[in-house]
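Colleague: Taken from Swiss-Prot, the feature substrate binding site covers Arg71, Ser72, Gly73, Asn84, Leu88, Ile89, Asp90.
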Amino acid sequence: MTQSLQVKLLDPRFGDLWPLPAYATEASAGMDLRAALEAPMTLEPGDAALIPSGIAIHLDDPQVCAVILPRSGLGHRHGIVLGNGTGLIDADYQGPLLISTWNRGREAFTIEPGDRIAQLVILPIVRVSLQVVDTFVDSARGAGGFGHTGVR
């Protein structure tokens with residue numbers, strides 16, 4: 001199933017130098033977001049920066065949200081991850097998408113203009129109403145917390 005997504009191009013390099021965000025394969029869950037930088041940016045170990053994506057989106061459907069996630073290769077190979085873990089974009093937000101980028105690695109890393117540095121995933125939302133209770137019906141796990149189910 002494909003739905004439309006309103007996108008505003010905030011950087012004129014889209015269309016000429018850079019393609020619009022798109023799914024890389026038929027089964028891709030996310031679309032890559034680019035670093036809409038004017039010049040290369042070097043992140044020293046421990047540094048964080050807000051990097052513009054060059055686009056704004058408007059989901060306009062309260063039953064979906066967007067999340068910005070790291071690209072696995074950048075995180076695994078270079079320690080480049082999102083400074084906020086995951087970026088959550090509400091359906092009524094219309095501003096520019098900024099990517100909180102953090103170098104948790106041991107070496108400086110340079111991001112070039114147009115580099116694909118994160119991915120955008122659209123997800124369904126289930127809204128709930130809270131029901132205050134005194135006790136829960138027993139479950140197999142109960143209140144077992146971190147490590148409760150073991151490693152093996």
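Glycine is treated like the rest: Cβ placed from N, Cα and C.
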Colleague: Sorted by position, what residues of the same chain at least six away from Ile89 (substrate binding site) have a C-beta under 8 A from it?
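Modeller: Ile57, Leu59, Cys65, Ala66, Val67, Ile68, Leu97 - these are the non-local Cβ neighbours of Ile89 (substrate binding site), listed in sequence order.
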Colleague: Need the DSSP three-state call for Gly73 (substrate binding site) to compare against my parser.
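Modeller: DSSP assigns Gly73 (substrate binding site) to helix.
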Colleague: Looking only at Ser72, Asn84, the binding-site residues on record, which one has the least crowded Cβ, with the fewest other Cβ atoms within 10 Å?
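Modeller: Result for the binding-site residues Ser72, Asn84: minimum number of other Cβ atoms within 10 Å at Ser72.
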